[in-house]
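Okay, so here's the structure we're looking at.
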Amino acid sequence: MDTCQLPIPESASQDWRSRGSCRDVDPMVFYGPDRERAAARRRRVASAKAICQTCPVKRACLRQSLRFPEPHGVWGGLTADERSNILMERALAGREVGSAAT
C-alpha cells in the first residue's frame, strides 16, 4: 500500500483525532492490505464503518477527509470511492451553478 500522509490540524483546538473511536484500533481495519480479496475487503470495510457509526468526531473526520482528499481508507464512515463520489458531485454541482449564471 502507498504511504498516506495525514493532514496536519490547523490548530491544537481542532485536534479531534484524539477523541476518535478509531484511536486505539489497528489502522489496517481502516486501510487494509495490498491485494485484498473482495470478501475480506467487504468485511473489513463493514467493521471500519461500524466503528465510525457511533464515533463522536465522525463529522469532523469526514469533513477533514473531503477538505484534504485522502485516496485510501475509511474516513468519517465512508470509503475512498464514496468520498470521491461526493467530491465529484460537488464539482459538477458547482459547474452547473456557474454555467447557469453566464
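Just so you know, glycine gets a Cβ as well, placed from its N, Cα and C.
Feature list (source: TrEMBL):
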BINDING   Cys22, Cys52, Cys55, Cys61  [4Fe-4S] cluster binding site
DOMAIN    21-85  domain '4Fe-4S Wbl-type'
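Shown on the structure are the features that TrEMBL records.
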| residue | record | Cβ within 10 Å |
| --- | --- | --- |
| Cys22 | [4Fe-4S] cluster binding site | 19 |
| Cys52 | [4Fe-4S] cluster binding site | 21 |
| Cys55 | [4Fe-4S] cluster binding site | 19 |
| Cys61 | [4Fe-4S] cluster binding site | 22 |
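Within 8 Å of the centroid defined by the CB atoms of Cys22, Cys52, Cys55, Cys61, the record's [4Fe-4S] cluster site, lie the Cβ atoms of Gly20, Ser21, Ile51, Val57, Lys58, Val74, Trp75, Gly76, Gly77, excluding the listed residues themselves. This prediction places the mean pLDDT of the domain '4Fe-4S Wbl-type' (21-85) at 95.
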